[in-house]
Amino acid sequence: VVQALIHAKSLLAILATQVLLMGAVEGYRAGNTAPGQFGEDLDRLYPGGPFDPLGLADDPDTFPELKVKEIKNGRLAMSGMLGFYAQAIVTGEGPVENWLYHLQDPSAHNGLTALVTQFAPTPVALL
């Protein structure tokens with residue numbers, strides 16, 4: 001199972017590990033709130049402590065705005081990772097190798113030229 005996780009060969013192993021780890025973390029977080037206090041006021045486990053060295057979450061007025069910003073930045077990061085995964089699947093190389101290949105000749109090695117040259121329609125014989 002560990003080899004499948006390291007080399008990302010088993011999607012089911014990765015999914016099961018993700019569900020177990022996130023379930024444990026969220027269970028711990030939900031279990032550390034007083035009964036009837038879940039979702040009220042500021043959650044003492046999120047965000048803060050060592051993850052908030054500037055004390056940005058101390059103000060209850062800006063806390064909801066910071067939560068929305070965190071969600072949006074997380075979605076943006078996931079979209080970027082999806083691009084990395086798609087690029088790795090198509091080219092068989094990682095993002096650094098693809099970037100270095102692009103830097104060799106940016107006008108010839110880019111997404112548009114790859115799209116035009118690799119997916120050009122081929123002539124079809126009409127019956």
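Note that Cβ sites are derived from N, Cα and C of the backbone, with glycine treated the same way.
Note that this is a predicted model, so its numbers are computed, not measured.
Quick look at what Swiss-Prot lists:
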- LEU5, GLU70: chlorophyll a 3 binding site (BINDING)
- ILE6: chlorophyll b 2 binding site (BINDING)
- SER10, GLU26: chlorophyll b 3 binding site (BINDING)
- GLN18, PHE119: chlorophyll b 5 binding site (BINDING)
- GLN18, ARG29: chlorophyll b 4 binding site (BINDING)
- LYS69, GLN87: chlorophyll a 5 binding site (BINDING)
- ASN73: chlorophyll a 4 binding site (BINDING)
- HIS102: chlorophyll a 6 binding site (BINDING)
- 11-28: transmembrane segment (TRANSMEM)
- 76-92: transmembrane segment (TRANSMEM)
**Request:** If we count other C-beta atoms within 10 Å, could you say which of the binding-site residues SER10, ASN73 has the fewest?
**Result:** ASN73
**Fill in**
Minimal Cβ count within 10 Å, across the binding-site residues ARG29, LYS69, HIS102, points to LYS69
**Request:** Sort out the residues at least 6 away from either end of the transmembrane segment (76-92), same chain, that have Cβ-Cβ distances under 8 Å to it, and list them.
**Result:** 98
**Message:** Rounded to a whole angstrom, what is the C-alpha distance between SER10 (chlorophyll b 3 binding site) and GLU70 (chlorophyll a 3 binding site)?
**Reply:** 30
**DSSP state at ASN73 (chlorophyll a 4 binding site), helix/strand/coil** = helix
**Item:** All-chain count of other Cβ atoms within 10 Å of GLU70 (chlorophyll a 3 binding site)
**Value:** 12
**Request:** Consider the binding-site residues ARG29, ASN73, GLN87 and say which one has the Cα lying nearest the Cα of GLN18 (chlorophyll b 5 binding site).
**Result:** ARG29
